[in-house]
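**Student:** Below you will find the structure I want to go over with you.
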Amino acid sequence: MLNLDGLEMIAVLVVMGLFIKVLEQFGLFEPVGGEDSIEDDFELSTVCHRPEGLDKLQEQSKFTKKELQVLYRGFKNECPSGVVNEETFKLIYSQFFPQGDSSTYAHFLFEAFDTNKNGSVSFEDFVAGLNIILRGSINDRLNWAFNLYDLNKDGCITKEEMLDIMKSIYDMMGNYTYPCMQDDAPREHVENFFQKMDRNKDGVVTIDEFIESCQKDENIMQSMQLFENVI
Amino acid sequence: MAAGVATWLPFARAAAVGWLPLAKKTMPRPPVDKKSRSDEILFVNVSGQRFQTWKNTLDRYPDTLLGSSEKEFFYNEDTQEYFFDRDPEMFRHILNFYRTGKLHYPRHECIQAFDEELAFYGIIPEIIGDCCMEEYRDRKKENQERLAEDNEAGEGGDAPLPPNSTSREKLWRAFENPHTSTMALVFYYVTGFFIAVSVIANVVETVPCRPIIGTVKDLPCGMKYSLAFFCMDTACVLIFTFEYLMRLFAAPSRCMFARSVMSVIDVVAIMPYYIGLVMPENEDVSGAFVTLRVFRVFRIFKFSRHSAGLRILGYTLKSCASELGFLLFSLTMAIIIFATVMFYAEKGTKGTTFTSIPASFWYTIVTMTTLGYGDMVPNTIAGKIFGSICSLSGVLVIALPVPVIVSNFSRIYHQNQRADKMRAQQKVRLARIRLAKKGCTNAFLQYKDDGGLQDHDSGSTALCVKNRSAFEHQHNHLLHCLEKTTNHEFTDELTYSEVCMTESLGYRTSRSTSLSSHHGSSTTCCPRRAKRRPIRLANSTVSVSRGSMQELDTLHVQKTTVVPQSRSSLNARTEDLKLNCDDRDFTAAIISIPTPPANTPDESLPTSPAFPGILRNSRSTTFNPDTVKISSL
């Protein structure tokens, strides 16, 4: 139709493009599919969560009022929205272990605390978890530890799960250790663990095996008392 | 670690339960926390404004004042609170740092005050949060620049030269600050005149003059009056060479001077003449010779010594080098793009002026800077479209970096203005400081007059002495101790100058020999207004400060503003002074007190009776006659 050379075609296209842009600016020409963009801006970005009353929490846990107050103040300071998501959790935990990579272990911890599996740890979850660890019986603590190791929460710890846990703990040590970290140190540690814990040698450790073996081990029993005075 | 994270430590420790069943070795015992674990609220009183915070909050940063045991020094047992006598407004920000872990810089506060507060509370400024760090850095840089300027203005410029400077230093100073001496000023204007003459001559010699009788062609004036122009050029170059050599000789660091911009301009300005002298007159070389003559125009840059505005402009361009570089780069990119497009757009046209891409550069530049000479014009439609886009974008690209350069120029210009203002106020400021210093010394002398140094057991001390503050008493006692230590007494400068003047005739030689070993500057002291106190003996120690000399000079000028008090009798004792006490209102401010002019050490010399007579007539302030002990008149 029009006897245009290549360059002239390009020039005409450029002019047309500029024309369309100008019309858009004046609002006379809405490109297709632009209506959704306005409402997106108003989406609420933060979710606010308030914990149960202090009294209720005190009933549910064995902490005193003062202890709960101290706990909440720290919690709220770091997470003003009232819930911790996994990213924040990892960030906080990584500040205590600057040398290594604590993100995997923090992830496992987060899974252990997030009992209702909604992706965030509220203050109640937090208190519940700490209640077990700090104010629970030895058995409760062992149960909690088992729950931590059992990644898929099926009631038994396989070698793979244990290996993951072990690797994550060794990751926290970082590169610079003495003696040098061997690559198979986690695996060797897992073998050790299974040898100790797996009574019937079926390749998995169930909760009963775990508790029984731990109760027999003097060291473990003694060390369970260590963290009583943390709060 | 961030503030709140410290409160999560208990959680991290609790979570360590997860390691226990896996541990290879036994766990260590936990540390025993002897202090009570319960958190308590601390009261912090800052200048009356009470702040309350949890103890844990302050403990988050143990290496600051509030987080460590250092705050116990400020604990007030009676009110059970920590009291700080500091700015409560600033404290608010400090405390917020503990609470939130982020230190913010309040924009309306003075940067120095803020820095001082931070230093007091033991907080390093590097932890200012990102939100406020930029502002803080900018203000700090600005402040440092201003201080540097003040220092320069203070030490450079118009302060009088130390008397023992060599002629070289004096010469350098004359060059750098022409208004310090008339000779320098004359030279300044003469060089300026000759620069102007040289530049005008360069310009005029190319103007066509009326042709010589007999020829038809117009001749440039340079050819017609070649001898006259040559003479003028020679004179200018001689002056410039002389000036350059003088500067080179006087420069404190010849290497640095030779490398400075101004000296390079000087050299470039005069070199063509000399090269032209030595160059032979054949045709081959004279092409290059013509090029050299172009460099004569650089003489106009010599004006930058005479004009501060030019220097500012040069400095601005230098400091905006990155913006200018960006401008250049973006322009180059745009030129290349558009030139290519225009070339290919116009390629088909017959007889087009766009013969090559470099040829199109010219068109692009002319269009982008909106000059539009019209010597190259596109004919095709595509060419016209792209040409118009080119001119529109040119305006944008050039307009973008210009405000940055403008703001830079404005900042530097204002800095310069401020520096000039400071210099102008310098004299007033210095005079005020000297007056205050003098007031301090006079206060002490007055105190002595009032008998403050005597024993206070008798009840006859003047009321005005009693009413002096404890601070003044103690300060004056300290000065008195110094007097007793050195066995000299303080006196005021007028007395001192009077005495020195009368003594100068007889004792200049002896003084110079005894003093040269000490200070080596005695030869220049006496011609000045404030004379050095004569020394009686070679072995007597004289402590005269050089600095006080010039101050005395100025102080003498200030003296006239003091209301002259006539003293009825020089030997009046305390009793007579009671009535005159309250006329004095010297502020005993503690500024650095200049070492007083030396008195003669020997107290065995009697006060010569003839001496007070001289002083009585010329003195305008009181002094204790005992302080003036001259060896002999």
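Cβ from N, Cα, C; glycine included.
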**Student:** Of the residue ranges B:473-495, B:496-518, B:611-633, which one carries the region 'Disordered' annotation in TrEMBL?
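**Tutor:** Of B:473-495, B:496-518, B:611-633, TrEMBL gives region 'Disordered' for B:611-633.
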**Student:** List, by number or range, the same-chain residues at least 6 past the transmembrane segment (B:351-373) whose CB is under 8 A from its CB atoms?
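**Tutor:** The answer is 331, 334-336, 338-340, 342-343, 379, 383, 387, 390-391, 393-395, 397-398.
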**Student:** Which numbers of helix, strand and coil residues does DSSP report for the domain 'BTB' (B:38-107)?
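**Tutor:** Secondary-structure composition of the domain 'BTB' (B:38-107): 24 helix, 19 strand, 27 coil.
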**Student:** List, by number or range, the same-chain residues at least 6 past the transmembrane segment (B:257-279) whose CB is under 8 A from its CB atoms?
**Tutor:** 233-234, 237, 240-241, 243-244, 247-248, 251, 285-286, 289, 292-293, 295-296, 298-299, 301-302, 304-305, 314
**Student:** Any idea what the model's mean pLDDT is for the domain 'BTB' (B:38-107)?
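**Tutor:** Summarising the domain 'BTB' (B:38-107) by its mean pLDDT gives 88.
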**Student:** Please report, as numbers and ranges, the same-chain residues at least 6 past the borders of the transmembrane segment (B:324-345) whose CB is under 8 Å from any CB of it.
**Tutor:** 317, 354, 356-361, 363-365, 367-368, 378, 380, 382-383, 386-387, 389-390, 393-394, 397-398, 400-401, 405
